[in-house]
């Protein structure tokens, strides 16, 4: 068996990669993939076509003398080099490619810039670590010899420092554990060989367990964390030593009773083997139950520790007995004298004599310490795990000197909708949502497409737009006031035009009457002398002369009047040519044509020819010869007829119709002129009234723009045409996804992003944003958040859920195994209760030491791990103590308690000291979480060892008596070997127990 273990411990580690290498290959995810913050990060990355990497490195560039042009040249060079490193850099936020980021990435004092970089690989993976080292080298090489100082920090730097610290601390922790175990084992056994036996089993167990965990990680993909590696070493050292102490102590006890060494090994295995098996089962099953936790820190640590416990158990029941069998015949592991037996016997005697006092005193102390646990404030800031001298810690300190911590750790509010949000209504609803979020106490700024600078766009505020309209209305009102004289003149001119058109109508009527007479006369001439008729056919000269003379008089009278009335013709024609009323009225249009012909007749001399004809006719007298008159008249008539044809008077009927049309047109023109004048007057009056109204509206809108400029009063409106502008598209690129379905807002708070207040604020922001959804275009949108406070919120929520699971699984497993081991119900209940109060006392003491005296909050992961270890290890001691009580119960209640305390006090104390020493080795770590965990688990084991198992449980067992074993009767089923041991007790011991019993009765 020894050879098998040696071969296993040597060969197995050579067959698989080291556990440290597997920790790099399969790092622990902080949160499960379905965590809200993780889902939000992936959703935002997919929507904006970004890397979605949470592996962020922040480069801080400072120049305490002030950043200048030379510094910006170095910055430019660094950005170019990082962009060329596509293997390590997947994202870069700089203000060279995105100028609006200059304000965000630069400090207010003008002395520092930050450069966020997304590294390749998942956080904590070897790829991420190599990317970190390459980028760090580029940064240092670029700023070397310049006025800039570079610091690297951020999550990627913190994880890298934690990895380096874990590797650096592992050797010192294991060395410290080994030294303390050697010292304690030497004090306990005072035998070098016996002292080395637990170390041999621990060494073989540790090498085998680490190889097995690495193999499971290699084959099954089990994630391995630095915490798991450190705790695996500590748990194997503690549990393996406990199991060895249990077995060796019982072996020594049988040897003292005279058993042969080999027989003593057999009987020790039969006696304590079930306790070791029950203890290992309790711890192992509890650790396996942690596999169902959501947080990686629990779900990955649990299986690794369960493997370690299983290997330790197998080594304790196979390797250690084999070594004892080989070493015992030679006397190498012979027991030394029992120095502490008398002390523990007296301690048991005092307890059974005054069980209430001891129980009360122990409970008061435990409750007092446990009450301090209620003062605990948990830390979620991983930066505080590292010493201040680590590079990432130095970087954070330098960054906080120039930037607020919340400025460098942003949060994003993500709104995802099934439809495009790039609409006026969608943007207005988004602004309303952002406005509500910005009013939450503790929210310093909300940046987004509707508020790029943290405030609502002034140009998009409805009140601003109203003010602009008011200004323009005011200008229009002032223009109307200034043009009042022009309006009055317009009205006067319209009235004057109407009056003139009325006069024109009268003149046209008179002219038409004269022209009508002319037409009649000309028609008569045409009938009498036109056509095929000739003057040769006229046989009545006297009659002809008389008629000609009369016609001349008529023409003279009519055409003298017409000629005198044509002064108005030019103005009338000009008015008709520019009149829209005449354009729309056919009759007026016809009249206008006739007026044009009259104007033409006047201008080309046609009317003058008619007047000349009239005079010639009047001058016809009887003395003239008919031949002369006829010749002259013929020439004149031919000329007049040709001219009249140009006027359209060659057809008397058509001429009369046109004259009627002209008359009607003049009437319509005069009527329309009056209507226009009345309309102009009304328009002028209404325009003046409008000016008054515009002035009032302008005053109201300008007051709105000035007095209602606060965001809550301003309203929001983006005109559709703005959405197509290049400026809007440039701003929207950072906040709206290319398809327009996802919008994000950058949220900056006044709170420490690592505080519980910031975590609570996340829920408040989401609830407020969802409260702005009903009855808007965002009603069907999903709202989520991403960022470090959101991730910490999820960690806290999952932690609370996992703690409930861990507590339930641990308590149920411990109770069931204790019930199976003790075949009772009552004893397991108060034994588990004692373990729980021991755990709470350890947490309370940790709060006092770290939080009160050292000013450090407990890391959130410490209580969960401490609970599992303390309850499981406490169950080990419980099982050893309770099983011995049951086995010794044939002696009576008080005697069995004294006997049990005497026989197990030294064993439990030794085991407790050894386990506490192994946990105390964690105090040599440079990682704060490991130190806190080691201290709390260590002092918890000491409390359990020296108070709970030594005082509280024996006093409780004494008070309850046989009721502890209800419903069974263990005193009637005492183990045969234990009965033989009792029969071999010395007479002196029996006398002491009898005296104690008699004293108790009295």
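Cβ atoms are placed via backbone N, Cα and C, with glycine included.
Here the transmembrane segment (1-21) has Cβ contacts under 8 Å with residues 167, 170, 203-204, 207-208, 210-215, 217-218, 224, 229, 232, 315, 318-319, 322-323, 326 of the same chain, all six or more residues outside its ends. Annotated transmembrane segment per Swiss-Prot: 1-21 (among others), in sequence order, evidence recorded as sequence analysis.
Among the features that Swiss-Prot reports, transmembrane segment is placed at 177-197 (among others). Listed by sequence, the residues of this chain that lie at least six past the ends of the transmembrane segment (177-197) yet keep a Cβ under 8 A from its Cβ atoms are 233-234, 237, 241, 244-245, 248, 320, 323-324, 327, 332-334, 336, 906, 910, 913-914, 917-918, 920-921.
Per Swiss-Prot, transmembrane segment is recorded for 199-219 (among others), and the stated evidence type is sequence analysis. Residues 5-6, 8-10, 12-13, 15-19, 21-22, 25-26, 178, 181-182, 185, 228-229, 232-233, 236-237, 240-241, 243-244, 303-304, 307-308, 311-312, 315-316, 319-320, 323 of the same chain sit 6 or more residues outside the transmembrane segment (199-219) yet have a Cβ under 8 Å from a Cβ within it.
Annotated transmembrane segment per Swiss-Prot: 228-248 (among others), in sequence order.
Sequence annotations record features per position, and here Swiss-Prot assigns transmembrane segment to 268-288 (among others).
The transmembrane segment annotation in Swiss-Prot covers 306-326 (among others) and is backed by sequence analysis.
What Swiss-Prot lists as transmembrane segment is 358-378 (among others), and the listing cites sequence analysis.
For 806-826 (among others), the entry in Swiss-Prot reads transmembrane segment, with the evidence type sequence analysis.
Among residues of the same chain six or more beyond the transmembrane segment (835-855), those with a C-beta under 8 A of the stretch's C-beta atoms are 363, 365-373, 375-377, 811, 814, 862-863, 866-867, 870-871, 874-875, 878, 932, 935-937, 939-940, 943-944, 947-948. Residues annotated as transmembrane segment in Swiss-Prot: 835-855 (among others).
Annotation comment: Swiss-Prot describes 862-882 (among others) as transmembrane segment, evidence class sequence analysis.
The transmembrane segment annotation in Swiss-Prot covers 901-921 (among others). Distant neighbours of the transmembrane segment (901-921): 173-174, 176-177, 180-181, 183-185, 188, 198, 234, 237-239, 241-242, 245-246, 249-250, 253, 338, 340-341, 343-345, 347-348, 351, 869, 873, 876-877, 880-881, 884, 888, 934-935, 937-939, 941-942, 944-946, 949-950, 954; these residues of the same chain sit at least 6 beyond its ends, with a Cβ under 8 Å from one of its Cβ atoms.
The transmembrane segment annotation in Swiss-Prot covers 923-943 (among others).
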Exercise. Residue list, the transmembrane segment (268-288) vs rest of chain: Cβ under 8 Å, 6 or more residues beyond ends.
Key: 239, 242-243, 246-247, 250-251, 253-254, 301-303, 305-306, 309-310, 312-313, 316-317, 321, 806, 809-810, 813-814, 817-818, 820-821, 868, 871-873, 875-876, 879-880, 883, 975, 977-978
Quiz item: Taking pairs 6 or more apart in sequence, does the count of Cβ pairs under 8 Å between the transmembrane segment (923-943) and the transmembrane segment (806-826) hit 3 or more?
Solution: no
Exercise. Please indicate, using numbers and ranges, the residues of the same chain that are 6 or more beyond the transmembrane segment (862-882) and have a C-beta under 8 Å from a C-beta there.
Key: 227, 231, 235, 238-239, 242, 246, 272, 275, 278-279, 282-283, 286-287, 290, 297-298, 301-302, 376, 378, 799, 802-803, 806-807, 810-811, 814, 817-818, 821-822, 827-828, 831-832, 834-836, 838-839, 842-843, 846, 900, 904, 907-908, 911-912, 915, 919, 929, 932-933, 936-937, 940-941, 944-945, 948-949, 953-954
Quiz item: Who are the chain neighbours of the transmembrane segment (358-378) in space, where the CB to CB distance is under 8 Å and they lie at least 6 residues beyond its ends?
Solution: 350-351, 756, 837-838, 840-845, 847-848, 851-852, 857-860, 863, 943, 947-948, 951-952, 954-956, 959
